[in-house]
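**Student:** Quick one: the structure is below, and I'll ask about it shortly.
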Amino acid sequence: MHSTKVTYPEPMQLSGILDQYESFQVTPCIGTEFPKANLAEWLHSPNADALLRDLAITIAQRGVVFFRAQTDLDGELQKELTHRLGVQSGKPAGHRLSKHPLHLIRKDDPEMGVLDPGRQQKLHGVENTQKRQRAVLEYHSDGSYEVCPPDFTMLRMTEIPPTGGDTLWASGYELYDRLSTPYQKFFESLTAQHEVPSLRKLAETEPGIYDGPRGAPANTDMQFKQSHPMVRTHPVTGWKTLFAGGLHCRRVNDVTDFESEQLLSKIISLVGDNHDLQVRFRWNNPGDVAIWDNRCVLHCPTQDHYGLGGRMGYRTMGIAEKPYLDPNSPSRQEALAAAAK
């Protein structure tokens, strides 16, 4: 018998074209901000492809990138930018933007999500009246219930309260690096189930729900449930990242219920116990933008702004590859150490 050798993408390298723009690392391991850049100008630039290629690589390496007061952006430009980031960083042909399954019922743009607290409450059930004691449990990766989950999410805020409503991100690269070697190898051997039961329930009760492809031909499952490797390799960086834990990751496969609870609790405790692998972003201006890579970060809203003012934003998500693990890929810290030699 002849075995077929599996080949994986080569990591992409920065060209340096973004060095001309002021930027700073918000924390050492996650988050970069371009305080004065204009994304609309980048999109319309003659070298837009080169700019977006390096922006995509930067997001993949840093997890999340921030821009301030992008008032020249509208919904169509936001959709174009999100899609082109994926194209310039090698997403599969035929993969476009995610389509929300409720867009027909809401009569919305299928590729543009509206962040509205009232809508979220209606989708996910009645408001929880218990005291909030573990907000860390709201960390999640967007669309992880899909066969091919999202790559880049772009969130553009148009209305912000005077205080509150910050968003946090946690680095999946650093979560993996914080594990001991035996735990790393153990997690690499496992898969976990991601699902959103509230969407599945709506699919069973709402005749008008969209049942076509959600940004990729493979994304048609109306159970909104999918299993993925708990450790995946990022195709752009080539680094291993923990791809588990959080709101939508419901169960570790092939272990007992008790063991699954222990493993998922360990991951979420790593997030909550280590603020130095997180970054927190304050939305200061209408038009502030965050673009993050769901393949290597979890993110979490801060639900402290209710009654303090309106909060409205628009979200787009590109669709990436089916998650995979290259067992020979390095961790982020291993790759950075090798590059420094």
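Cβ atoms here come from the backbone N, Cα and C positions, even for glycine.
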**Student:** Given Swiss-Prot annotates HIS140, ASP142 as Fe cation-binding, which of HIS299, HIS305 belongs to that site as well?
**Tutor:** HIS299
**Student:** Excluding HIS140, ASP142, HIS299 themselves, which residues in that chain have a Cβ inside 8 Å of the centre of the Cβ atoms defining the Fe cation site?
**Tutor:** TYR139, SER141, SER144, THR153, GLY246, LEU247, HIS248, ASN294, VAL297, LEU298, CYS300
**Student:** Within 8 Å of the Cβ centroid of the 2-oxoglutarate site residues THR167, ARG311, ARG315, which other residues of the same chain have their Cβ?
**Tutor:** LEU115, LEU155, MET157, GLY165, TRP283, PRO301, GLY313
**Student:** Take the C-alpha atoms of HIS140 (Fe cation binding site) and THR167 (2-oxoglutarate binding site) and report the distance between them in angstrom, rounded.
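**Tutor:** Counting only the Cα atoms, the answer is 12 Å.
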**Student:** Check each residue in the chain of HIS100 (substrate binding site) that is at least six apart in sequence and keep those whose C-beta is under 8 Å from its C-beta; list them in sequence order.
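**Tutor:** Listed in sequence order: ARG106, ASP108, PRO110, GLY113, TYR210, ARG214.
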